[in-house]
Amino acid sequence: MDAPSYTLSKIAERDNLAVYELFFGPNHPGMHGNFGYVLEMIGTEIVKVRPNAGHLHRGFEKLMEQKLWVQNIALVPRICVVDPDPNEVAYCTAIEKIMGVDIPDRAKFIRTITLEMSRLTSFLMGMGALGAALGLYTPMYIMMADRDLILDLFEWLTGARIYHIFNIPGGVRNDLPEGWVERLNEVLDHLEKRLIEYDKLVFENPIIHKRLKGLGYISKEEAIRTGITGPNLRASGAAYDVRVDDPYAAYPYLDVKVITQDGGDALTRAVQVRLEFEETIKLIRQALKEMPDGDVRLNLGNLSMLKVPKGEAYAKVESSKGEFGYYVVSDGGLKPYRVGVRGPSLPAGLLYAQKHLPKMKIDDVAAWMASLAICPPDIDK
Amino acid sequence: MMAVLRVFLFGIFAIFIGLLFMGIGRKVIARIQLRYGPPFYQAFLDVGKLFARKSITHNFVMDLGMVMALGGLLATMLFVPIAGHVAVKTSTNLIVIMYLMAIGYLGMAMAVAASGNPNATIGVSRALTMMLGYEVPFFTVILGLIIVNGTSSLELISQSQAGSILNWNMIKFPLAFIAAEIALQAMMGEKPFDAMIAPAEIASGPMVELSGKYLGLAFLTHAVSIFVETAIIVNLFMGGASNIFTFVLKQFEIYLITIFIEAVFPRFKIEQAVKFLWTVPIGIAVLQLLLILL
């Protein structure tokens with residue numbers, strides 16, 4: 001998708017106006033992570049944009065070929081910092097598909113619960129970042145404090161706050177500790193109460209409505225064609241959710257409600273996240289209620305000597321930002337032959353930057369980025 | 001000699017109170033955001049630290065502009081009566097005060113435009129546009145009060161409200177007070193009118209190239225501007241005060257209102273802000289003006 005030719009550059013040529021470069025990132029308070037856009041600007045209006053990627057490039061896909069199957073589990077969550085669990089689950093599910101094993105039901109439910117908790121943390125961060133992009137810092141601080149309550153639970157369960165490394169081929173590392181479920185219920189109650197405050201602060205604020213309405217419009221057909229997934233796609237009116245259309249983990253046993261809205265602009269996307277946040281809380285409650293007893297992992301022998309039989313598989317997981325897909329090829333050895341990762345932020349961060357940013361004022365860039373929930377590490381990989 | 005000392009003391013007093021307000025404001029905002037927040041004297045530590053640092057200058061205009069910004073606002077301060085005391089006993093004409101206040105902002109504009117950073121230039125052009133936005137409603141309010149009192153002297157306007165609380169212009173002309181409060185929010189550069197410093201958009205705008213002593217000077221300028229602007233509102237609408245302590249307390253009340261609004265509002269885009277300022281507060285102020293005239 002080429003940057004559309006824009007008459008402002010012709011006007012600038014005629015009137016001898018200066019076209020200057022403005023670096024929006026990697027060092028910019030409005031940018032998430034080590035990513036940047038080089039904006040060619042006239043006055044405060046953007047004429048042309050060049051995504052400036054590579055600051056976060058760690059060569060994940062190649063690196064995974066050098067490491068043991070189980071070592072890679074420590075590597076994959078780093079592809080999306082704010083929502084790490086979908087990576088682990090997608091990678092492990094792909095391995096299990098190649099091996100042809102079915103993990104215990106309780107492990108499936110625990111995976112589902114951690115996935116949804118991870119979604120909550122990511123949504124809290126996303127909603128806070130949207131507020132901060134528009135200068136509203138109060139909900140950001142409150143949401144970060146609430147996110148910490150979930151991170152505490154993760155620490156209790158897995159020993160780590162951000163990169164949990166909890167899922168392994170054949171299930172999860174350990175069962176839920178005693179008292180953990182009760183605490184999770186308390187936290188969920190707390191978050192539900194807080195939603196009223198979030199609504200008042202962010203989603204009912206007239207200035208937020210004024211600023212986000214009509215910003216970064218994506219139509220349904222266009223979203224499907226360019227590969228936008230997750231809440232962004234559902235905010236454009238397409239009812240597609242991997243949890244329903246190609247269920248994994250415990251989702252076949254659960255009743256997942258797919259919320260869609262017609263609007264496709266930044267405001268609709270923000271409200272979409274807010275609605276799905278509520279739905280996620282309900283889903284965790286449902287999973288806790290229906291969780292069976294039993295083992296949480298299969299005995300696959302010594303995991304560091306794990307040999308995955310020859311074959312290939314693709315596993316996809318619905319993350320808070322869209323669809324994460326892992327294509328894993330094994331040649332029967334101790335290490336993967338090839339791992340391909342499909343991240344959700346690639347079309348939003350690269351294609352739509354070319355489409356939306358020209359003609360946009362510098363005022364809206366941060367809000368546009370936050371509304372599309374662009375996660376730079378998964379662009380760079 | 002005494003006059004020079006007096007001017008000096010007034011300047012120090014304004015800076016002290018301004019920095020104190022800034023620190024308390026940060027603490028109040030932190031509590032609204034469910035944080036603990038820095039100590040109330042944090043602004044003094046910040047300024048002290050910044051003045052102890054090495055700083056980078058781009059050219060002579062930048063040096064001059066920063067000093068002009070602080071100087072302009074300190075000069076304004078000298079004409080504002082504080083609990084009946086005025087630093088320079090000449091006139092306390094409102095027009096002169098408003099005119100001098102603009103000089104401070106122009107100095108800041110000059111300094112940061114000289115730094116050559118596009119973020120800073122965008123920020124300063126926004127600040128000057130915002131000035132155009134808030135001065136029109138504020139002058140409309142002032143016009144009404146000048147007509148009522150038959151004088152443009154801030155001291156006389158404040159004296160005319162002496163006695164009971166019912167004599168305050170805030171009670172007598174509530175619409176004018178509301179319009180002035182909205183204009184004050186923009187004057188102080190607090191949300192929703194902080195498009196000029198917007199960190200997420202233009203990386204803090206004017207402040208982006210300031211380091212060390214220059215940032216320290218910008219802090220002091222902001223402190224004095226808080227003092228001057230709240231003092232003008234207290235004199236115009238809350239009847240000044242008989243002693244300095246009461247005066248500062250009234251100033252603090254005004255500052256607290258702006259801080260509360262600052263904490264829970266996102267920011268307008270610059271064009272939305274000017275459109276808002278040129279419709280809502282001007283409408284209210286003109287309505288008050290008509291009520292006064294008719």
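Just so it is clear, glycine is given a Cβ too, placed from its N, Cα and C backbone atoms.
As written in TrEMBL, here are the features:
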TRANSMEM  B:6-25  transmembrane segment
TRANSMEM  B:60-82  transmembrane segment
TRANSMEM  B:94-115  transmembrane segment
TRANSMEM  B:127-148  transmembrane segment
TRANSMEM  B:168-187  transmembrane segment
TRANSMEM  B:214-238  transmembrane segment
TRANSMEM  B:244-264  transmembrane segment
TRANSMEM  B:276-293  transmembrane segment
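Stretch with the largest number of CB pairs closer than 8 A to the transmembrane segment (B:276-293), among B:60-82, B:168-187, B:214-238: B:168-187. Tertiary neighbourhood of the transmembrane segment (B:6-25): same-chain residues 38-44, 47, 74, 77-78, 82, 87-88, 219-220, 222-228, 230, 248, 251-252, 255, 259, 262, selected by CB-CB distance under 8 Å and a gap of 6+ residues from either end. Most Cβ pairs under 8 A with the transmembrane segment (B:127-148) among the ranges B:60-82, B:94-115, B:168-187, B:214-238 are made by B:168-187. Counted over residue pairs 6 or more apart, the CB atoms of the transmembrane segment (B:168-187) and the transmembrane segment (B:94-115) come under 8 Å in fewer than three pairs, which marks the two as apart.
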